[in-house]
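Asks: OK, TrEMBL features for this one:
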| type | residues | note |
| --- | --- | --- |
| DOMAIN | 77-248 | domain 'Amino acid permease/ SLC12A' |
| DOMAIN | 369-650 | domain 'Amino acid permease/ SLC12A' |
| DOMAIN | 664-758 | domain 'SLC12A transporter C-terminal' |
| DOMAIN | 782-1022 | domain 'SLC12A transporter C-terminal' |
| TRANSMEM | 75-95 | transmembrane segment |
| TRANSMEM | 107-133 | transmembrane segment |
| TRANSMEM | 153-183 | transmembrane segment |
| TRANSMEM | 204-223 | transmembrane segment |
| TRANSMEM | 229-248 | transmembrane segment |
| TRANSMEM | 371-391 | transmembrane segment |
| TRANSMEM | 411-437 | transmembrane segment |
| TRANSMEM | 449-475 | transmembrane segment |
| TRANSMEM | 535-556 | transmembrane segment |
| TRANSMEM | 568-585 | transmembrane segment |
Amino acid sequence: MPKESSPFINNTDNDKGNLYDGKNMALFEEEMDSNPMVSSLLNKLANYTNLTQGVKEHEEADDDEGPSPALGTLIGVYLPCLQNILGVILFLRLTWIVGTAGIMESLAIVVMTCSCTMLTAISMSAIATNGVVPAGGSYYMISRSLGPEFGGAVGLCFYLGTTFAGSMYILGTIEILLTYIVPSAAIFKAEKKEDEAEALLNNMRVYGTCCLTLMSLVVFVGVKYVNKLALVFLACVILSILAIYAGVIKTAFEPFFVCQIICLLGNRTLQNHNFDQCLKTMEVDNVTVTTKLWSLFCDSPDLNATCNEYFTLNNVTVIQGIPGLTSGVIRDNIWGDYGPNGMLVENKHQASEPAADTSQDIYMPYVANDITTFFTLLVGIYFPSVTGIMAGSNRSGDLRDAQKSIPIGTIMAIATTTFIYISSVILFGACIEGVVLRDKFGDSVKGNLVIGILAWPSPWVIVIGSFFSCCGAGLQSLTGAPRLLQAIARDGIVPFLQVFGHGKANGEPTWALLLTGGICEIGILIASLDAVAPILSMFFLMCYLFVNLACALQTLLRTPNWRPRFKFYHWALSFLGASLCLSLMFISSWYYALVAMLIAGCIYKYIEYRGAEKEWGDGINGLSLNAARYALIRLEEAPPHTKNWRPQMLLLLNLDSDHAVKHPRLLSFCTQLKAGKGLTIVGSVLEGTYMTKEAEVKKAEQNIKSSMTTERTKGFCHVVASSNLRDGFSHLIQTAGLGGMKHNTVLMAWPGTWKQSNDPVSWKNFIAQDIYSSSFLSVPSTETGTIDVWWVVHDGGLLMLLPFLLRQHKVWRKCKMRIFTVANMDDNSIQMKKDLQMFLYHLRLDAEVEVVEMHDSDISAFTYEKTLVMEQRSQMLKQMQLSRTEREREAQLIHDRNTASHAALNDKADAGPDRVHMTWTKDKFLTERNRNRAEANMGVRDIFNMKPNQSNVRRMHTAVKLNEVVVNKSQGAHLVLLNMPGPPKNRGGDENYMEFLEVLLEGLNRVLLVRGGGREVITIYS
């Protein structure tokens, strides 16, 4: 580009080497360093990647062919959700739930749980389409919508849910392996029937631990193999479901194509493991012989053996296990059949003769309940079968268009699985005999998987398919849970989790995998699928609850950033989903629900107090702003009643040259003074303009906030820059606070060096503001003594209220309160004490009362002399001020001379007759200096000849006498509260006023000077 040439552009030598680029945007060239051009901004957005650093490193290390292709809705969301939702509960427990709860109640369970996940998916879709969702999925959405406290609590709950899901899938894998594939592989074998349950649990623990170790090694060695096997596991799930539907259709045309015989003794279902024929006796070569079934109930195989009473009274019958769709068995399975642990599975429509002695039933080969069954338990066991709806949002980093794919894919997956579950409940109830449905482990069908005997072409399709499905789901959980924990740890909101943010060089979360394996082992040691399922139900339900709350909150607050592309949501649906989640938590298991909420609450409080502060623009902050606005508007309607009055503090701090707080302990005293409640605004003033002092103002605010944190003072910080300190403090007092949340009490430090200070600004500021102020000398840590209140004048009761509030704090709690009041000679001291005691009684204040009499006495020579010295000092200060003015004028004369000579050299030709070169001429300066010196000499002579003002003498007399009384009574007190005398109406007496206060406080260690505004702040009424 050619160089810009124009007679209007002044090209200096420094610019000759630079091309004048971007002349169209020259008006904005100074902003280019901090504010980018729109073109460069759009370029950055186009190249944006939403993979976390660890994931990117992992992808680069493991994938040599480059980044994986962007996934669409089907592969990226729909199928992963389908794989995660359909799983172990469908294959191992759904038939048992249908048999136990009946078709109607099972449908109610399915509709409730699926409605919960559908409403959650709608809320999740709205959140997911409200901007880019980086990898991290559900945790990212919740934390950025509800803030770090809720985000961390719910994120860890979701992590625990995913980890326990891994336990559940591993237990399901082992249950299929040991019960249906290779029962002979069991290490622990039961010698007696009653020991079978314990032996199964021990086998599950041993094999589950081995399986967990193996899966963890696979995840540690190579996650990419797990991801590549995901399609194989998904194919197993789909083939298994298709086999079930094929079997159901087959039973409609060939009702008895599955020849599965169920043996009943009376109306009781028998375990068909140790006998081949459902007969008591049989004819062999015209000889009646006993069968294997006989030997199970009798003490010998002989026909005259002693047998179980129920076995003797009832006959053995055979029924078809899978009667088929057209058999009408659906009528028998409409309603449930709940019962206690050990209850026998019976066919209610079969005739039976009860036995008198049932004590031996538990040792007989009957099919019985292994746990106590009831509706709410089944809800908790079933709910994990509808979880997994977050699988699509967890893969948001791999999606081509996450904002389009997540809503469509997730909602379609939930609709598909809901159809599968509802149809399965109806078809199972319509095809399978009730006693078989209630047989959890398939003991009545020779130990086969109940859902497997319905499948076509072979039961092994379901057994193998469900085995690999559970394996795949377990691997996916062990892959996803550590990454979720790593994302939480890298966010830095939970300090003790920092170590789990690290991993291998390629970003693999090694430490997080170890912790996940340890927690997963806890679930495996529980060993029961039915006991683990409700635990993970709680954590998932809590996660879904907060997803719904996040959506409802953002919708109701109408935050400007809430613009989801998914439009089919409403806050009422989100609230309904949240209510349903909360209801299901307590329906499933109220004690697990309380434990889960307690864990989440503890994590929330931990993050609140110890976690890193994050500002994510979350909905909780928006809710706080709305609530604060509403409260402030309500407070503005009327001033607070006397009963609600409490000190709202404005603490004016002095800063040193490094902008650090000079008196940090004043902050902790401020907290003590208002008993930890109410408003605290900490303010200070820097001299100068904000344009030049902006950096220093921010530094001062940071220093004050740091001191507030150290002293555990909660409140707000406000530092202003002003042309002078006096105006700055005045502006601060007038403008601090907002609406009804304004300060009503000002706390200041006593200007201890006011006598030594050449600049009177500090103590003049104190006098200017002291109609609102309190002054304090030092702050204790813990005290056990007395707080003495010297009540001289009544100015609204603030003097009485402050010691009461101080004693609410642990520092002053052990101190006793004493109230002194001053009586003149014509006052009745005894009556005053009684009246004061009655007044304190009505105020509900515990304090000792003492009336001090101040006798009229002549003004002492000491007082006279002290007043004279004070006035002489004031006069000398004025003379010193005159001398300073003289020096300033002399400096100005020198400056003007230099300026005039410089101007004469440069502009000699332009000097006109009316031009003035200097402010002060030499003659004028000499005349003025001689006059000032004469006045100063006259003033010095007057100082030594002056007589004190009678008004000042009387005031000094009061200060001296009152000081004597206070020191006599309260020298040993830990804190003295005293009425602050009013400031002089004539500002010429400022120095004298400070001297009076100094005399009043002489000899006292710790004093709080209080001056009320006259408004009553304490009342005797309730």
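The backbone N, Cα and C atoms fix where each Cβ goes, and this holds for glycine too.
Each of these features: where is it, how hidden is it, and who are its neighbours?
Replies: When Cβ-Cβ distances below 8 Å are used as the criterion, the transmembrane segment (75-95) is approached by residues 168-169, 172, 175-176, 230, 233-234, 237-238, 240-241, 381-382, 384-389, 391-392, 395, 398-400, 405-406, 408-410, 412-414, 416-417, 420-421, 424-425, 428, 432, 436-437, 440, 449-451, 462, 465-466, 469-470, 472-473, 476, 529-530, 533 of the same chain, each at least six residues removed from its ends.
Distant neighbours of the transmembrane segment (204-223): 58, 62, 166-167, 170-171, 173-175, 177-178, 185, 187-188, 471, 474-475, 478-479, 482, 508, 510, 513, 517, 520-521, 524-525, 527-528; these residues of the same chain sit at least 6 beyond its ends, with a Cβ under 8 Å from one of its Cβ atoms.
If you look at the transmembrane segment (229-248), the same-chain residues 6 or more away from its ends with a CB under 8 A from one of its CBs are 79-80, 82-83, 86-87, 91, 258, 325, 420, 424, 427, 431, 451, 454-457, 461-462, 464-466, 468-469, 471-473, 475-476.
Only residues 6 or more beyond the boundaries of the transmembrane segment (411-437), in the same chain, are considered here, and those with a CB under 8 A from a CB of the stretch are 77-78, 81-82, 85-86, 90, 94-96, 98-100, 102-103, 106-107, 110-111, 114, 117-118, 121-122, 125, 241, 244-245, 248, 251, 260, 262, 264, 269, 319-325, 327, 329-330, 332-334, 337, 345-347, 367, 385-386, 389, 392, 444-445, 450-451, 454.
Within its own chain, the transmembrane segment (449-475) has Cβ neighbours under 8 Å at 83-84, 86-88, 91-92, 94-96, 165-166, 169-170, 172-173, 176-177, 179-181, 211, 215, 218-219, 226, 229-230, 232-234, 236-237, 239-240, 243-244, 246-248, 250-251, 257-258, 260, 321-322, 428, 431-432, 436-437, 439, 442, counting only residues six or more beyond its boundaries.
Proximity of distant same-chain residues to the transmembrane segment (535-556), defined by a Cβ-Cβ separation under 8 Å and at least 6 residues beyond the stretch ends, is recorded for 116-117, 119-120, 122-124, 126-127, 130, 138, 141-142, 145-146, 150, 154, 157-158, 160-161, 164-165, 167-168, 380, 383-384, 387, 390, 523, 562, 569-571, 574-575, 577-578, 581-582, 584-585, 588-589, 592-593, 595-597, 600, 619-620, 622-623.
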Asks: Could you break down the residues of the domain 'SLC12A transporter C-terminal' (664-758) into DSSP helix, strand and coil, giving a count for each?
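Replies: The breakdown for the domain 'SLC12A transporter C-terminal' (664-758) reads 41 helix, 22 strand, 32 coil.
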